[in-house]
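These notes are about the structure you will find just below.
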Protein chains: 2
Amino acid sequence: MSAPARTLHLGAILAGVGTTHDDWRDPDLPGDASVDIQWYIDAARRAEAAKFDLVFIVDSPYITPDSAPHFLNRLEPLTLLSALAVSTSRIGLVATLTTSYWEPYNVARQFASLDNISRGRAAWNVVTTGLEGAARNYGRDDHFDHAERYQRAAEFVSVVQGLWDSYEDDAFPRDKAAGVFLDKGKQHPLNHKGRFFSVAGPLALTRSPQGQPVIFQAGDSDAGRDLGATIADATFASAENFEAAQAYYADLKARAKAKGRDPEQIKVFPGVVVTLADTQEEAERLAAQHEAELDLDKLLVQLGRPFNYHDFRQYDLDAPFPDLSHVSLNGYKGHAERIVRTAREENLTLREAAWRFGRWRSGFVGTPEVVADEIERWFVGRAADGFNIHVSKPGAFAQFTEKVVPILQQRGLFRTEYTAQTLRGHLGLPVPANRHAVARTLGQAAE
Amino acid sequence: MSAPARTLHLGAILAGVGTTHDDWRDPDLPGDASVDIQWYIDAARRAEAAKFDLVFIVDSPYITPDSAPHFLNRLEPLTLLSALAVSTSRIGLVATLTTSYWEPYNVARQFASLDNISRGRAAWNVVTTGLEGAARNYGRDDHFDHAERYQRAAEFVSVVQGLWDSYEDDAFPRDKAAGVFLDKGKQHPLNHKGRFFSVAGPLALTRSPQGQPVIFQAGDSDAGRDLGATIADATFASAENFEAAQAYYADLKARAKAKGRDPEQIKVFPGVVVTLADTQEEAERLAAQHEAELDLDKLLVQLGRPFNYHDFRQYDLDAPFPDLSHVSLNGYKGHAERIVRTAREENLTLREAAWRFGRWRSGFVGTPEVVADEIERWFVGRAADGFNIHVSKPGAFAQFTEKVVPILQQRGLFRTEYTAQTLRGHLGLPVPANRHAVARTLGQAAE
């Protein structure tokens, strides 16, 4: 029996006025897009009309006055996606949420509720929070240490997944004549007592048609990749170029395989910005113009973000990238370490590093054919199983869905109609059996 | 100048299969109503068509296998109401959430987000959790002590309200030409350091058209009433009868006045079950039939709920109400104390107490005219400013909106059209000015 053909997946990163400091100045973009539910509903419906797998909400529980506009003022992911759940019918709904500053019981409950409201389309993008300042919003002077954050994350997710199995799928006979609502034998407390969390359960919510919400993961450090390889159904990757994406892809899948998992069951989604035009020259001119409009001061702020908003404006721009041995890397550690390493290996000046890393997004630039070629090259070359497309520029996303998606469909890379009702279905992931039902079956088989 | 006329307010308690053990057996009620978003959308739209002020979601973060069906398996309030926010356009949205097991930063953010998504219709029903077992879902062996719970609640709410004022209303010029998104002088961190919480802020979310979400409060103990009188715009009261409701109303308003508040600015909403029919005899027959169908075992379970599900099935039904001096009252303390006191004063047997308190809802029974008379009597007699109507029996709620509401409208007690866009507007509550804008104005006035 041959393996099923790989199919490309597409996600849309919905971020109102965009994740950079300057996207919001696009004349076609409403300045209040990040807090306008109607902007999100329209964008999600466009992505659904184009048969995208999912919409993706990035998040962080901390801002400074220097944060980019979207971060300064935006809707919260779970409330936002619950509103989108009843404004769409097929597209997956991915919310970023940190394991560092929430209670597992509340997280389990809200995602399970979103999963029921959407009838099986919820996903949780697990992060541990890269900005140390977040600690001060949650009663702590210091952010959790990087290693501890990832240990907490692993236990947190296992508690949440345990709570999601509180009820077997047939726990509720709801027999009005006999007066039996619940089959009590199919309700299971968790009784978890671990290093970081103690949670008794059960959760007061049944499983959705996809069994459990999908798990995304977005950390890029060694610990982050290890967590992803352990728990994730999909990862949100940030890759500078094709080679870096290929290396990440191979590394993640090898880690998953080493843990006894099927590497095809963990999908890699790099985030990309697409700049499209009818001619290659025009697309490159648009990209160059965008570059020219970038403000070096804001690139320096953005460069500082993985270093907990370390202020790079204090250094000489044309001197070598500064020595940061006094700066904590206990934030976006993987990304910060990569910047420091690359700057040293390639002898970058601060100005060069700001231009290269102050944007932190890879991009495809060209005609629809050229962009489709790039997508195919990354997909076939195992640099990606899918892409998370940045959707802030209204014209650019419409062009992508109208001109690039049809080419991907003609090439047989992307679906022309939804064939499933749930996000797991779109991603080709199985519905996990309830652990207690499995235990019951195994028990019977052993008798 | 005369004071504005008082107007009656109506809320609809949406609780899927109902808050009793037996509501779900109604043949017209879908067995999965508590987890079916479409049931809630339809119910909220019916309440909105009848010009209700609000829909109300009760909640608790703890269940036992003996919990009533709705509690065993239900959607979570904030995700649920976010879905309703985009399925309705005028009706207020009230979510119950405990201050004992959440982080203020997350609570502030989710309610502010719901308030923006609904364009000014969100309210938070502040509770401290009456069931001791909840502690074990949140890493604790023991529930917080009753007095400490209420001290935490007061500080928690003040932190949340402080975060809701992080941005002045004109903080975002969004001037694309000048490149100014935020007026940094109008972003305000909170820098709260208190007994229970330390929260730096600011919150990354602007205020809605109603300024801040409305605060409901539902605790009935002495500490609960004091908290309500301090922080609440409205309270969800549970009153056994007219006299008890009047006494509660007078007590709460007196407490508010003693704190320097305008007692008209805190609205009292008793919860009521309505049993309607075309003749008084038929209505009373229906109510009697409902009584006859009640299961004494389940009433005993329900009686035990305010005593942390103490098992009353172990006692002689026809002996005097048992001595509970060994049972913790650190749960629904006000309600538990009232039961113990009443049982002693009136020499109730356990059977009598179960029938009286195992249902914990007051009810209006009769023709539409008689029910309208009762509503008017409670309203004019200052036993209520409004009512939270239980909406689980599909026929009963439709009868209420079709037959009782028009009578209330004819009598000039209830609106025939919405005159406001926000929940504060419906309730006649002012939009609170941003505290920092007020401080600025006062500062200027003093110059």
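Quick reminder: no glycine exception, Cβ is built from N, Cα and C everywhere.
In TrEMBL, the FMN site is described by A:ASP59, A:THR96, A:HIS146, A:TYR150, and among A:SER221, A:SER238, A:SER325, A:SER392 the residue recorded at this site is A:SER221. Long-range neighbours of A:THR96 (FMN binding site) (same chain, six or more residues apart, CB within less than 8 Å of its CB): A:PHE56, A:ILE57, A:VAL58, A:ASP59, A:SER60, A:PRO77, A:ASN125, A:VAL127, A:ALA218.
Here FMN is bound by A:ASP59, A:THR96, A:HIS146, A:TYR150, A:SER221 per the record. The longest Cα to Cα distance in that group is 18 Å.
There are 22 other CB atoms within 10 A of the CB of A:TYR150 (FMN binding site), with all protein chains counted.
The Cβ neighbour count for A:ASP59 (FMN binding site), using a 10 Å radius and every protein chain shown, is 21.
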